[in-house]
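Undergrad: Below is one structure. I have some questions about it.
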Amino acid sequence: MSSGGLLLLLGLLTLWEVLTPISSKDRPKFCELPADTGPCKAIFQAFYYHPVHRTCLKFIYGGCEGNANNFKTIDECKRTCAA
């Protein structure tokens with residue numbers, strides 16, 4: 001195979017890796033946890049991964065405790081958990 005063909009193949013494989021969604025076995029376990037507002041009474045907009053809908057959704061976070069399925073931005077949620 002020519003060097004041009006190898007570069008094309010490498011580029012296609014790289015693109016495939018970037019565009020392939022995270023599989024459920026590679027997703028962190030905390031992404032399966034339910035949204036948890038925690039016991040505090042603040043009102044912060046946050047995002048959590050919803051495993052049934054396979055997307056990130058908004059929820060209100062109280063500001064303390066809760067769990068790890070809690071992200072400040074939807075992009076952070078998607079990068080970490082979304083398939």
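Glycine residues also receive a Cβ, built from the backbone N, Cα and C atoms like all the rest.
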Undergrad: In Swiss-Prot, C56 is paired in a disulfide bond with which of C40, C64, C77?
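TA: Record-based pairing for C56: C77.
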Undergrad: Need the cross-check against Swiss-Prot: the disulphide partner of C64, picked from C40, C81.
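TA: In Swiss-Prot, C64 forms its recorded disulfide with C40.
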Undergrad: Pick the one among the disulfide-bonded residues C31, C40, C77 whose Cβ has the fewest other Cβ atoms within 10 Å in this structure.
TA: C40
Undergrad: Distance between C31 (disulfide bond) and C77 (disulfide bond) at the Cα atoms, whole Å?
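TA: Approximately 9 Å lies between the Cα of C31 (disulfide bond) and that of C77 (disulfide bond).
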Undergrad: Kindly state the mean pLDDT of the domain 'BPTI/Kunitz inhibitor' (31-81) in the predicted structure.
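TA: Mean pLDDT across the domain 'BPTI/Kunitz inhibitor' (31-81) comes out at 97.
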Undergrad: Could you count the residues of the domain 'BPTI/Kunitz inhibitor' (31-81) that DSSP puts in helix, in strand and in coil?
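TA: Split by secondary structure, the domain 'BPTI/Kunitz inhibitor' (31-81) comes out as 10 helix, 15 strand, 26 coil.
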